[in-house]
Amino acid sequence: VSPWDIALCATGTAVAGENALVLAVLFYTPSLRAPMFLLIGSLALADLLAGLGLVANFAVRYLLRPPSEAAELAAAGLLLAAFSASVCSLLAITVDRYLSLYNALTYHSERTLGFTCAMVLLMWLLCLGVGLLPLLGWNCLRDQSACSILRPVTKDNAAVLAVTFLLLFALMMQLYLQICKIAFRHAQQIAVQHQFIATAQATSTRKGLSTLSLILGTFALCWIPFAIYSLVADSSYPVVYTYSLALPATCNSLINPIIYAFRNPDIQKSLWLACCGCIPSTFSSRPRTSSDV
């Protein structure tokens, strides 16, 4: 048994458990029914399935005897669908944050729960279609020379996935830059209206920049190296390179709940109530502002 596969399986187990906790909090807390929390739930569900996909891939490779091509393709399809949904959910959260600042006055009337549900459903149908591609014949099991580092995905299909991912990341980066500009403008307007001192405004904008850097930096460090490598490499490259880049990419699903869920004050409050039935006196209930990005 490869230690890399054991590491991926362990990571998948941790990812599944962590994101299951996020889904449980969202499901059992009636107050968390806003469109924003629906998008966080979509991200948690995608990462949960990604973790289960890693465990299923390990089971198919080492526990299933005799080996089954259908099971291998199904496990690969689950991973493709889950990670596609995870990236698309991150993009949806980015778009939602942008609209909440750009159309602050009409956001709550336009972004209804029904509209968000429809968009999430459409997104998941698209990602499930991507996951079905290996089962529909888009695989290299009959021609090993056509395999990419993402076996059983072919080199051409892996290149398409990598380019699509890089384009989505570029779009996310552009949206977050626009979010940062709008947040700075809002912070300046608030500072003028309320005559805040300059240091208070500087602290607010620094927090926004740190949040922006955390989101984009984590996402880029986890996924960009793996995407570029899958674009240029093929199955003849040493497998250790693939494992060493795939493991950080899967860890992004372990970090997502920390960035998007556990840092949210409403989810923090629900977690405290679920764990100990109380809210700490030091807990801050300050409402989220545009400066927080």
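Yeah, the Cβs are placed from backbone N, Cα and C, and that goes for glycine too.
What TrEMBL lists as domain 'G-protein coupled receptors family 1 profile' is 18-260.
Among the features that TrEMBL reports, transmembrane segment is placed at 6-29 (among others). Among residues of the same chain six or more beyond the transmembrane segment (6-29), those with a C-beta under 8 A of the stretch's C-beta atoms are 37, 40-41, 44-45, 47-48, 50-55, 57-58, 243, 246-247, 250-251, 253-254, 256-257, 261-262, 267, 270-271, 274.
The transmembrane segment annotation in TrEMBL covers 36-64 (among others).
The feature transmembrane segment is assigned by TrEMBL to 70-93 (among others).
Sequence-distant contacts of the transmembrane segment (113-138) (same chain, six or more residues past either end, CB-CB distance under 8 Å): 33-35, 38-39, 42, 46, 70, 73-74, 76-82, 84-85, 88-89, 92, 152-154, 157. Residues annotated as transmembrane segment in TrEMBL: 113-138 (among others).
Among the features that TrEMBL reports, transmembrane segment is placed at 158-177 (among others). Long-range contacts of the transmembrane segment (158-177) within the same chain: residues 80, 87-88, 90-91, 94-95, 97-98, 148-150, 212, 215-216, 219-220, 223-224, 227-228, 230-231, 293, each at least 6 residues beyond the stretch ends and with a Cβ under 8 Å from a Cβ of the stretch.
What TrEMBL records for 209-228 (among others) is transmembrane segment.
The transmembrane segment annotation in TrEMBL covers 240-262 (among others).
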Checklist outcome for this item: Beyond a gap of at least 6 residues from its ends, the CB atoms lying under 8 Å from the transmembrane segment (36-64) belong to 1, 5-6, 8-9, 11-20, 22-23, 26-27, 71-72, 74-76, 78-79, 81-83, 85-86, 88-90, 92-93, 96, 100, 113, 116-117, 120, 123-124, 127, 250, 253-254, 256-257, 260-261, 264, 266-267
Item to check | Local confidence of the prediction over the domain 'G-protein coupled receptors family 1 profile' (18-260), expressed as mean pLDDT | outcome: 85
